[in-house]
Amino acid sequence: MRTDRCYVSIIPLIASVGIQDLPALRINGEQSRYALIEAARNGHGEIVQRLLDTIEIDNEIAETTLLAACSHGDEQLLISLINRLGSLNAFTLPPFLLNRASWLGQQQLAKLLIDRDVARTANEHTFLRQTPLHHAARHGHTEIAELVLARDPSLVSTLAKGEWSPLKFAAMYGHPALVRLLLAHGADKDPRTANVGTPLANACVGGLHAAARVLLDAGVDPNLAEPTTGQTPLVVAAGYKRERCVRLLLDHGADVQVDSPHGTALYRAVINKHADVCRLLLNRGASANCSGDQGPALGVTVRNKDMEVVKLLVEHGADVNGLIDDGAHTILYRAILTKGSLEIIRYLLDNGAEINSIRSGKRLLWRAIFGDDAEIVPLLIKKGADVNFTISDGWTPLHASYENAVMTKILLEAGASVDRLRNGNGESALFLASWYNQPDVVQILLGHNAQVDLRCRTPDDAEFTALYCATVNGHAKVARILLEAGADVNYHDKSASVLHAAAMHGEEILRTLLEFRPDIAVRTPSGKTALHYYSLPLACAKILVHSGLHIELTESAGYTPLCFAVRCDNLEVARFLLAKGASVAVSTKDHGSPLHLACSYGSLQGVKMLVAAGADIHRSHPDAGTPVYAACTRPVPSQESWEQYDSCTRDVLEYLLHGCEEKPDVNQPGGKLGFALSAACAFCSVATIDALLDAGARVDVHDAFGRHPVHLAAHANVENFERMCRADTDLSCLDKSRRNVLHAAVQSGNVALVERVLEVTDGLLNAADCHGWTPLHYAARGCHPILFQDQATWSKEIIKVLLDQGADLWVTSHGFEQEWLPLELARYHGAPQEVLDLLTPAEKTGKSPKQWSNEKQQWMKVFKITAYCDCCLFKCEDFDLCYKCNRLAAILHPGHQFEESGPEFEVEKSSSSDHDTSDGESDGEDESDEDEDEEDQKHENS
């Protein structure tokens, strides 16, 4: 036996392998002592005796030698060592010797040690605190147990670690003689400890019926449950398939019906598929309708696909219509859910299982169909399953078969209604099979006279036919089957036609459709033809044009197919349309020509292509402006970073300014903001502004509202404002409403921008516009940066900056039939309480003749709206002018009549007529109009 110890000398190694004829073994030294230990470890008795005769050893070496000899297990060598070493002065034989002898069954050694009065008790250093009696009981050494008990009878009650008694060891390892001996010496036959089972249960776990019989004959209670699991010995024996123990326990009066947290004995036998044990328990009176944590016993054995036990339970009265899954389903449902259970299903049905059970939602047939079992479904139908039942969302078995031709055929031949619509969203089986590309199912349904043009209503209230479903998903084979069956090739719903759907989904489906001669010029309600799609494939565009579809047809917004292609950068289609003669001179209602669109959406290659095709770079549109203007006002896609956006804008602008043979006039008016420089100040970077200034853009121009480029820069960011300051612009300029750059900066919500404007200007802090509004009034109304479509926000920091600089809290403005303090304006627009606190004067009188009135400070919150005022850039409803600027309509936008729209105040949710908001009104706001389409936002439209 190899040692795990390392030696510097070879002598211990020589001794360990039994080489005797070496002079080194006769030397009295440290290495010889180690040689003694290794010789004892490997059972070399002659070398041990020779070394004992040669060397001197102390108590430590003696104990180590005995321990090494124990590991080998040579009884005679140990006896010899004990006799030799026991005479050492003050040496006590260690307790592990007796434990080892008891473990190995070395009776002679054990008797010697007991006679020498070696300690028999255990302590914290003993293995699992087990005594020699524990070891003898575990390994069946009856004679040694008798020797130990004869010397110390109290050991029969000593508990080892884990509260194991010697009797539990004897029972668990099946030693009936030892069980009898321990009982005779007074061992507790029914101990109930917290950590381990009773001796009888321990015997039953291993099926040790002989030991169990001794315990039962001694009067052990067969119905005593284990404290840890709550299981009786019968439940334990049944769960471990210990049939002889089960029979023994029953013969000694074990209660067959006793339950436990894990079920009865029969339930445990069912779970573990022990048919013989189940039969024995049932014959002794166990209830076949027992249940446990996994449901009824019959449901468990059905899941186990244990036909023998199923029959046993049913024959003994098990309820074949019992419920599982907290009452949601029947046992028959469980059988259908379990693949490979055809015979069990047949047996349950033959023995009274209800096939259309209402409790299981009449879903048995539906479940079998999804299980794709072509044997079970006919069986269920033959036994009376309803082929037209519906579940909660309107699905019938035929709907459930939309991907399975075999099931579809079986159901239709059994009388399933071929055109039944789902309750929830109205799909038919043909609709589903067409949508999910199941040509075989479609053929079968049509062969059973399914209505080919039956309209099915979807959740969004659209009506589709099966052909539309196949087409919109690009299923050419299904579409051909439907068309050959007479499907309406010209069907269209509220949004598109079959032809439109085909054009978007590839060449194959489109060619298939065109074989059946649809109306090539069919339009949607908004006037779109099949060519009017952003991502139209080139192959489909060619097929449509070559089939005779006119390329200059416009939809309701004035877009031609070329406009659509350019807007989404579909340059392949755009190039093809241009080659076919598409006009570059057309104009949409709101976004200008194709060139405007290309510039606005940042398509540099599109711009180059259109210019090469003769597009006019000087053309101005009332809303879209010039192409240069359009390049500066393009929307920011959500997936595009600001750096990408700005780089793309500058590339397009660079080409327009320097890449064209003709040079555009950067001071040509057009667009909502009037001039390209104004648009760049509002939406672009300093680099774009530089490019326009370098190209000769003037800083003193103004739009229809009198706004100069610096007004827009002051509304944008610090960088753009700084750039306009360096361009020698007039910082004191006013628009037609007499607003200055500080008014504009306040509305940006950018406190750094406000601070910078205050630094470089003088006299603007309390300057009023034509209605008496100071910058503080604008801050009180809320901020709306023009680049983003958010709700109004209030900047406490801007208000604090204005107040710190001396803004007047008492200055009044003119509003609807009244005058406004900043506080009143903030409350009117629903500002948060912390803003109202800032605007509330500490003293209730001021320079203004207007006196404070608590009654006047109680306001209802104004109704919220979500579009821009074209004049002051504040959000308002879909008008050009907000309630404030509308008073100047005749000046700002002459020749047009305006209408009031929308309630002034939000509707209170409570029934109270008291609108006191002195404690801070509700922050709830109507945001129902916030989800407007991007192209309807006011900074892109007129």
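Every residue gets a Cβ built from N, Cα and C, even glycine.
What TrEMBL says about a protein is an automatic prediction, not a curated fact.
Residues annotated as repeat 'ANK' in TrEMBL: 128-149, 162-194, 229-261, 261-293, 293-321, 425-457, 462-494, 557-589, 590-622, 771-814. According to TrEMBL, the region 'Disordered' annotation covers 899-942. Taken from TrEMBL, the feature compositional bias 'Basic and acidic residues' covers 906-918. Sequence annotations record features per position, and here TrEMBL assigns compositional bias 'Acidic residues' to 919-935.
In terms of DSSP secondary structure, the repeat 'ANK' (162-194) contains 16 helix, 1 strand, 16 coil. Panel annotation: around the repeat 'ANK' (261-293), residues 229-232, 234-235, 237-243, 246-247, 250, 300-301, 304, 306, 308-309, 312-314, 316-319, 322 of the same chain, lying at least six beyond its termini, place a Cβ under 8 Å from a Cβ of the stretch. Non-local neighbours of the repeat 'ANK' (590-622) in the same chain are 557-558, 560, 562-563, 566-569, 571, 574-575, 578, 584, 628-631, 633-635, 645, 648-649, 651-652, 655-656, 659-660, 662, 664-665, 668-671, 935, 940-942; each lies 6+ residues outside the stretch with a CB under 8 Å from one of its CB atoms. Below 8 angstroms of C-beta separation, residues 526, 529, 531-538, 541-542, 545, 551, 595, 597-598, 601, 603, 605-606, 609-610, 613-616, 621 of the same chain, each at least six residues beyond the ends of the repeat 'ANK' (557-589), sit close to that stretch. For the repeat 'ANK' (462-494), the model gives a mean pLDDT of 93. Note on the repeat 'ANK' (425-457): residues 396, 398-399, 401-405, 408-409, 412, 418-419, 463-467, 469-470, 473, 475, 477-478, 481-482, 485-488, 491 of its chain, located 6 or more positions outside it, place their CB under 8 angstroms from a CB of the stretch. If one looks beyond the repeat 'ANK' (162-194) by at least 6 residues along the same chain, the residues whose Cβ comes under 8 Å of a Cβ in the stretch are 128, 130-131, 133-134, 136-140, 142, 145-146, 149, 153, 155-156, 200, 202-203, 205-206, 208, 210-215, 218-221, 224, 227-228.
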